[in-house]
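Comments concern the structure below.
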Ligand SMILES: NC(=O)C1=CN([C@@H]2O[C@H](COP(=O)(O)OP(=O)(O)OC[C@H]3O[C@@H](n4cnc5c(N)ncnc54)[C@H](OP(=O)(O)O)[C@@H]3O)[C@@H](O)[C@H]2O)C=CC1
Ligand SMILES: CC(=O)[C@@H](O)[C@H](O)COP(=O)(O)O
Ligand SMILES: [Mn+2]
């Protein structure tokens with residue numbers, strides 16, 4: 001029985017994680033969870049899985065829930081995320097919170113040598129070097145949840161990492177993959193939220209439409225698999241059936257395939273090194289699909305992807321500045337305060353003005369993150 005702490009329980013990944021826990025009560029027990037402002041969903045999960053500890057975003061929600069569920073300990077805010085992540089009974093942290101707000105709780109769980117099943121890619125982008133150094137020091141396994149990185153991880157199973165030639169991340173191209181840059185000028189939030197293959201949270205769906213999601217994933221692959229950027233490629237594959245590929249020195253290419261269902265990589269990270277049957281999983285029928293398509297990426301068309309490679313190659317606080325600028329700009333786009341193309345314009349402007357600091361410590365990263373968000377806000381006033 002693995003005991004689980006879950007950050008971001010009310011989100012897209014969080015809810016699918018809950019589904020897996022409910023379907024496998026003999027394998028997993030939820031001991032602690034965090035949510036944000038979705039109190040209705042938090043209540044439902046508490047009633048289903050009766051955790052010992054729950055953290056919400058706001059203090060007044062914690063106080064109200066404590067009256068409803070007197071057997072449960074409630075906490076809130078940033079310290080609440082750390083308390084959930086470091087619950088003494090859990091051995092596995094599933095980090096499915098959104099954004100770099102997940103960084104400090106991840107580091108705290110690593111320092112208790114917990115296994116980290118990480119969906120929260122922004123944490124790896126903004127401070128990958130700190131996360132991986134602490135994970136090594138405290139012997140804390142970091143297991144990918146992101147579908148591409150789970151595919152890469154599975155395609156490396158039993159192989160010698162020194163014999164890898166390159167990693168190939170597949171990209172659906174997102175909601176606007178067939179539009180020209182000219183056509184992107186007038187797209188709406190509603191259009192952007194309409195991902196062709198995956199049902200996900202709002203922020204990552206916009207990232208997918210700008211292709212910043214793939215940029216974050218290139219950096220995530222660099223961090224998780226210690227692979228230089230010139231050996232990480234992106235391949236457009238509109239069906240999202242091949243989740244990513246690893247090419248070896250001998251020219252062999254090993255890939256992981258499956259229907260687009262995030263429960264597969266989430267469950268694999270939880271059950272690793274075992275595999276569990278997936279309740280109500282749809283089996284892949286390649287004969288029915290008939291054809292899979294592939295296309296080279298055009299970096300002029302998908303400019304955010306180019307910016308992410310640039311930030312990755314620069315390293316240091318450039319990564320934090322780029323990630324924070326993206327989080328802030330996507331937030332503004334979702335509030336309809338900026339246009340779609342302004343997202344990448346803002347990121348580019350922030351990166352052009354950023355004074356890079358190499359090998360930053362946590363304090364520096366948090367400072368750059370806060371200041372960048374302020375700069376973005378002031379750019380649109
Ligand atoms: N969705 C997907 O299929 C995939 C997601 N990922 C990554 O997983 C992470 C989560 O994505 P996704 O599930 O789509 O996101 P969602 O927006 O659906 O969920 C985010 C979760 O984080 C909580 N949350 C947000 N902000 C805060 C905060 N400031 N403090 C505490 N809790 C907060 C939300 O709470 P509430 O809703 O209660 O306010 C919710 O539980 C992201 O990093 C994403 O890139 C990676 C691969 C696939
Ligand atoms: C499900 C998942 O892992 C997402 O990150 C997904 O990859 C988004 O798809 P694209 O970014 O390829 O559109
Ligand atoms: Mn992904």
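Glycine residues also receive a Cβ, built from the backbone N, Cα and C atoms like all the rest.
Here TrEMBL flags 10, 11, 12, 13, 36, 37, 38, 120, 122, 201 as NADPH binding site. Cβ-based neighbour count (10 Å, all protein chains) for residue 36 (NADPH binding site) stands at 20.
The annotation 1-deoxy-D-xylulose 5-phosphate binding site is assigned in TrEMBL to 121, 147, 148, 172, 195, 208, 213, 214, 217. Within the same chain, the residues at least 6 positions away from residue 213 (1-deoxy-D-xylulose 5-phosphate binding site) whose Cβ sits under 8 Å from its Cβ are 174, 204, 207, listed in sequence order. In the three-state DSSP assignment, the secondary structure recorded for residue 213 (1-deoxy-D-xylulose 5-phosphate binding site) is helix.
Summarising the annotation, TrEMBL assigns Mn(2+) binding site to 146, 148, 217. In three-state terms derived from DSSP, residue 146 (Mn(2+) binding site) belongs to neither a helical nor a strand segment and is classed as coil. If you draw a 10 Å sphere around the CB of residue 146 (Mn(2+) binding site), it holds 28 other CB atoms from the protein chains shown.
TrEMBL lists 4-128 with the feature domain '1-deoxy-D-xylulose 5-phosphate reductoisomerase N-terminal'.
The annotation domain '1-deoxy-D-xylulose 5-phosphate reductoisomerase C-terminal' is assigned in TrEMBL to 142-225.
According to TrEMBL, the domain 'DXP reductoisomerase C-terminal' annotation covers 257-374. According to DSSP, the secondary structure content of the domain 'DXP reductoisomerase C-terminal' (257-374) in residues is 70 helix, 3 strand, 45 coil.
Mean pLDDT, taken over the domain '1-deoxy-D-xylulose 5-phosphate reductoisomerase N-terminal' (4-128), works out to 98 on the 0 to 100 scale.
In this entry, 1-deoxy-D-xylulose 5-phosphate is bound by 121, 147, 148, 172, 195, 208, 213, 214, 217, whose most widely separated C-alpha atoms sit 19 angstrom apart. Taking the Cα atom of each, residue 36 (NADPH binding site) and residue 121 (1-deoxy-D-xylulose 5-phosphate binding site) are about 18 angstrom apart. If you draw a 10 Å sphere around the CB of residue 148 (1-deoxy-D-xylulose 5-phosphate binding site), it holds 28 other CB atoms from the protein chains shown. Classification of residue 121 (1-deoxy-D-xylulose 5-phosphate binding site) by DSSP places it within a helix.
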